[in-house]
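One structure is given here, and the rest of the page talks about it.
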There are 2 protein chains.
Amino acid sequence: MSESRASAAPSEVSQDNAEPEEQIQPVVAVILAAGLGVRFDESNPKQLVQVGGKPIIAWSIDAFQFNARVTDILVVVNDRVREAVEAIVGDDTYDKVRTVIQGGIERMDSTEAALQTLAEAEIPQDAKLLIHDAVRPFVSQESINGCIDALDTFNAATVAVASTDTMLMAGDLGERKVVRQVPDRDNMFRAQTPQAFRFGTLRKAYDLAAADPDFHPTDDTRVVVDRLPEEPVAIVAGSVTNMKITLPSDVPMAEWIARSLAG
Amino acid sequence: MSESRASAAPSEVSQDNAEPEEQIQPVVAVILAAGLGVRFDESNPKQLVQVGGKPIIAWSIDAFQFNARVTDILVVVNDRVREAVEAIVGDDTYDKVRTVIQGGIERMDSTEAALQTLAEAEIPQDAKLLIHDAVRPFVSQESINGCIDALDTFNAATVAVASTDTMLMAGDLGERKVVRQVPDRDNMFRAQTPQAFRFGTLRKAYDLAAADPDFHPTDDTRVVVDRLPEEPVAIVAGSVTNMKITLPSDVPMAEWIARSLAG
């Protein structure tokens, strides 16, 4: 573990001794694949399900491996998928994958583990991180590039798509969910990934959140919005094909998108 | 116009002279097909696009025509689709379609027109209304029945699906959308249709809303939640296949769902 963490150093240069102009700023993709998929099928990890002829996680890693601006990839797994993921990234194709680390029970724990690894690798505070859900296999290069560009102006950005549905904020009434509020649709976006941050910004937000054991955000943007409210999070255009595979019933649609992309 | 409105009377009985036990309570489906589809293709009304071998609006009307509990159907159109819709519902199959009326520029105007027609037809205050977007062709019978059942306990209900995506509430920062708030995902639902109401409840909410020219809700649930906040709106389970056709890029997915349903 310590050996693989050491190899996570994204570049040979350090912040102190390189000319800023010559330094290649790390752009690190963190692929989160430690989810248990309780809404999917716990005996069949969704990260590893084949669509369009390859495992879902291979699609996700490919998107960053083949983006010329991404310098390094870190994959976060759990024990159930570790062996399979290591076999996949063991292929010579994946020469940007620096390490495969252990995640945690919640999404936040997995991001925290990645931040810890990156801190130990002494990546610069202004390194660009792209945190991506392994189960969004069809992220576009436009969205990845949009995130990298947005971090030139903002310290945080997220891929999202405008909601074509009106959203309802619900609450409980006895056994039943009832509608409490209906926000304006024009300002409602469906968060996707990658979510992008300057390393120092996300680290700071997570450090502030660590003090609150009752905080269980479902994405990293939430951590920044809640803990660093003065920090604007830019929205980068996503796409409806950048779907998240959550339920077994999502797989046929994923197959269909995989075929469309191949065609 | 006045003639077709008169024929909208959903049943021969009135509230005053029938035994409650013997009265067939009207269950009226209102199909909203007056949208201009500005995000689709204004020269090719999305309501009339063929998927799986029939126009989208025919799928929507079929769902209510073939539900045994629905007693009456009212279709709301604009001038561009009126002729085509009248040709479709002219078929003997559609014996529950009482009238095709003119809608308005905004969704709210179309619902308002339907309420006016139903008031003139003197439907009882406790009649059940199911307001459905014509461009959601694949609504399930389970969702329609769920709405009809929910109105036995509640005066308002809406079909919705739990959001698998984290939702972002955004605002403007210069030219750019930025994230303002990230609500808890567990309580976020994507509104679908039908949205169901006791006639008197929706009428009252619309009467209250009429006083406010700046109120432009994108669904009917919003009108009730905002104007009758003491009235709980029950959530009825929808499905991911109950998609709304908004963009031309939604059509291939609709074709795919149509094929799945046929298979």
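Just so you know, glycine gets a Cβ as well, placed from its N, Cα and C.
Predicted automatically and left uncurated, TrEMBL annotations should be read as such.
Predicted, not measured: the structure shown is a model, and the values here were computed from it.
Taking TrEMBL as the reference, the stretch among A:1-21, A:211-231 described by the feature region 'Disordered' is residues A:1-21. For the recorded site, A:Lys46 (site 'Transition state stabilizer'), the DSSP three-state label reads helix. Checked against A:Arg185 (site 'Positions MEP for the nucleophilic attack'), the recorded sites A:Arg39, A:Lys46, A:Lys244 differ in C-alpha distance, with A:Lys244 being the nearest. Sequence-distant neighbours of A:Lys244 (site 'Positions MEP for the nucleophilic attack') (same chain, 6+ residues apart, CB-CB distance under 8 A): A:Asp133, A:Val135, A:Arg136, A:Gln192, A:Asp250. Annotation note: A:Arg185 (site 'Positions MEP for the nucleophilic attack') sits in a helical segment as assigned by DSSP. Note on A:Arg39 (site 'Transition state stabilizer'): other Cβ atoms within 10 Å of its Cβ, all shown chains, come to 14. Note: the Cα of A:Lys46 (site 'Transition state stabilizer') and the Cα of A:Arg39 (site 'Transition state stabilizer') are spaced 10 Å from each other. Among the recorded sites A:Lys46, A:Arg185, the residue whose Cβ has the fewest other Cβ atoms within 10 Å is A:Arg185.
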